[in-house]
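Report on the structure given below.
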Amino acid sequence: MFRSTATVAAATAMGLLTATGHGSLAIAQGTTGSNAVVVDGTNFALNGASMSYVFHANSTTGDLVSDHFGATISGAIPAPKEPAVNGWVGMPGRIRREFPDQGRGDFRIPAVRIRQTAGYTVSDLQYQGHEVVDGKPALPGLPATFGEAGDVTTLVVHLYDNYSAVAADLSYSVFPEFDAVVRSVNVTNKGKGNITIENLASLSVDFPLEDLDLVSLRGDWAREANRERRRVEYGIQGFGSSTGYSSHLHNPFFALVHPSTTESQGEAWGFNLVYTGSFSAQVEKGSQGLTRALIGFNPDQLSWNLGPGETLTSPECVSVYSKDGIGGMSRKFHRLYRKHLIRSKFATSDRPPLLNSWEGVYFDFNQSSIETLAEQSAALGIRLFVMDDGWFGDKYPRTSDNAGLGDWTPNPDRFPNGLEPVVEEITNLTVNDTSAEKLRFGIWVEPEMVNPNSSLYREHPDWALHAGAYARTERRNQLVLNLALPEVQEYIIDFMTDLLNSADISYIKWDNNRGIHEAPSPSTDHEYMLGVYRVFDTLTARFPDVLWEGCASGGGRFDAGVLHYFPQIWTSDNTDGVDRVTIQFGTSLAYPPSAMGAHLSAVPNHQTGRTVPLEFRAHVAMMGGSFGLELDPATLQDDPDVPELIQMAEKVNPLVLNGDLYRLRLPEESQWPAALFVAEDGSQAVLFYFQLSPNVNHAAPWVRLQGLDPEASYTVDGDKTYTGATLMNLGLQYTFDTEYGSKVVFLERQ
């Protein structure tokens, strides 16, 4: 419901805020949902458990000016030294602006660029009013965080350009428990002519004079999520994606931290775009020493026409503040996403250990061999069997990556009676031969793609993305279907509905193996993503009991947009245990480990050629919310350790899904990385400790734990008992007998 600004008088009377003039106000203390947003005239305070975000509207210019984003402040705050209106053009670099427009003397990177009918890009968006909403409205057609009154409060600030009749509504949703402010923007054309949006940031924030470091995630296929940290220098630095999806190259996340900030100490500001398409993230340190940070649409991929009365809504950006280092920032993202982003029923429920057929057999299988693989999997204790690529295609059978995409009917040579008999056979298998539980069945699809060698492409070549008469560039022998077209969306929804109704399918792995080329317009990327989101929204709502996993050649779409619909994502096509330590640690900067798909694969590894002990590979895979095997199960039938490792993965899983992650030692800083998962109530914990290279005459260092109750006693692996204070201030030490050593240690509070 809407709360009118009349509530401000009541808040002032209660002493929650006091107008002090010139853009100053006192900040609410002891924040609850009722005072997460406090307003006094045109002064605004957004309050978290340990965070304050304060800004005001300049009474002369109507511009929104930032006062503070950081640790909680109280009492009156000093007014920023702003130039008089006549000095505006000469001194724009001194002003910390909330939503910087273009063309009026601020030469730093803008948050919005609007081309008017006459051709110019000048905007003058001034404060017009505001409203406060209990709860959080949904974003039309886009993934978004959610919450009820008491969980989240939303401030909407209305800006208006009197000359162009353009309105901008800035949304600030405050989740106090997580020190999170979620921002998005609506731009509406209220004039009579057409306008074009050429740039729109979901978030812009200006920081005062100080040194900052920029932390981000870079990579490529099979080496995603490498942590990058560099000093913010004068000028513009940034990154993004122009691939049509969030990409392996750069993740739509970054953090700003003080140079002295570590994993466990210091201030950190995290920013994560809830979006799966092309994006841009930029940070600029201006001549006056102020630092501006923005993230939103990639302007090179945006030219959005707005006719009279039409609106463009930006994706939202989640920003969190931490006074407990980068690790504290990550834990706030993780808790927020588990509770208020991932809408699946599986967000916090145990995931079944699975076996995926891909690296075990690739395209070489038939009904009989698949049934044998499933039987061998069930005997090991696997609870979900997944048939990957190669099961479909009639006239153009999918026996390699050269044909079949788009023709989503079972290959009659491999499955002469369709999927139902094989699925029935598999789902009648008993797990472990002693359990009453039956094996579940899952299947791989890549609905957004089409092979030219397919019946679908022969019938609808116009459904593939193309730019006029230019040649259509193939990648992995495939093209991209244009999901901006409603008929393509309906085709995918219909065949997926038929597939899921045809047999007892419990799991879908949704893949995407290439980016967008030959886009017909600069706005194709966003139109495409809106179509993808409509398909995701329809299917996940229609089949809520199906466990959906996202994939894009591994982690090419590991983003908060996909997580809104799918509770887990395949983290990387690289299943090498050593490489996965770095990839999974990096991914956890913004995304909860509960969302990571991680599998134990064969050796030598199919991507790196490296041979790593079975136990090490299994322990690394246990750190993902979806543990699985990616190999031929026949190679494991005589290994007694495998069923025990699967049982250990199931024991670990609840803590990985719902616990707080502490990265105790980083793989880029030490050859002995370590991580600890602690139950939210502190009753249990599990330590993962690795050795990444051989060491002669060098003992592994002690590892200090975090997040425990210092006054409580903890039993370590059911043996020795130590206080939380001892474990955190002294720690534990282990020795490793092999080049790639690993330990998984369970702790339980007494």
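Placed from the backbone N, Cα and C atoms, the Cβ positions cover glycine too.
The shown structure was predicted, so the numbers you read here are calculated from the model rather than taken from an experiment.
Database features, via Swiss-Prot:
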type: ACT_SITE; residues: Asp511; note: active site, nucleophile
type: ACT_SITE; residues: Asp573; note: active site, proton donor
type: CARBOHYD; residues: Asn58; note: N-linked glycosylation site
type: CARBOHYD; residues: Asn162; note: N-linked glycosylation site
type: CARBOHYD; residues: Asn186; note: N-linked glycosylation site
type: CARBOHYD; residues: Asn194; note: N-linked glycosylation site
type: CARBOHYD; residues: Asn366; note: N-linked glycosylation site
type: CARBOHYD; residues: Asn428; note: N-linked glycosylation site
type: CARBOHYD; residues: Asn432; note: N-linked glycosylation site
type: CARBOHYD; residues: Asn453; note: N-linked glycosylation site
type: SIGNAL; residues: 1-26; note: signal peptide
Inter-residue Cα distance where the pair is Asn186 (N-linked glycosylation site) and Asn453 (N-linked glycosylation site), in Å: 42
Cα-to-Cα gap, Asp573 (active site, proton donor) vs Asp511 (active site, nucleophile), nearest whole Å: 11
Glycosylation sites: Asn366, Asn428 - member with fewest neighbouring CB atoms within 10 Å: Asn428
Spatial neighbours, same chain, of Asn186 (N-linked glycosylation site) - Cβ under 8 Å, 6+ residues apart: Ala167, Ala168, Asp169, Ser171, Thr311, Leu312, Thr313, Ser314
Euclidean distance between Cα atoms of Asn58 (N-linked glycosylation site) and Asn366 (N-linked glycosylation site), Å: 70
Alpha-carbon spacing, Asn432 (N-linked glycosylation site) to Asp511 (active site, nucleophile), which is rounded to whole Å: 30
DSSP three-state assignment (helix, strand or coil) for Asn186 (N-linked glycosylation site): strand
Asn194 (N-linked glycosylation site) versus Asn162 (N-linked glycosylation site) - Cα distance in angstrom: 16
Proximal residue to Asn58 (N-linked glycosylation site) among recorded positions Asn194, Asn428, Asp511 (C-alpha distance): Asn194
Spatial neighbours, same chain, of the residue listed as 'active site, nucleophile' - Cβ under 8 Å, 6+ residues apart: Asp389, Trp444, Val445, Glu446, Cys551, Ala552, Ser553
Alpha-carbon spacing, Asn194 (N-linked glycosylation site) to Asn428 (N-linked glycosylation site), which is rounded to whole Å: 61
Fewest other Cβ within 10 angstroms of its own Cβ, chosen from the glycosylation sites Asn58, Asn162, Asn194, Asn432, Asn453: Asn162
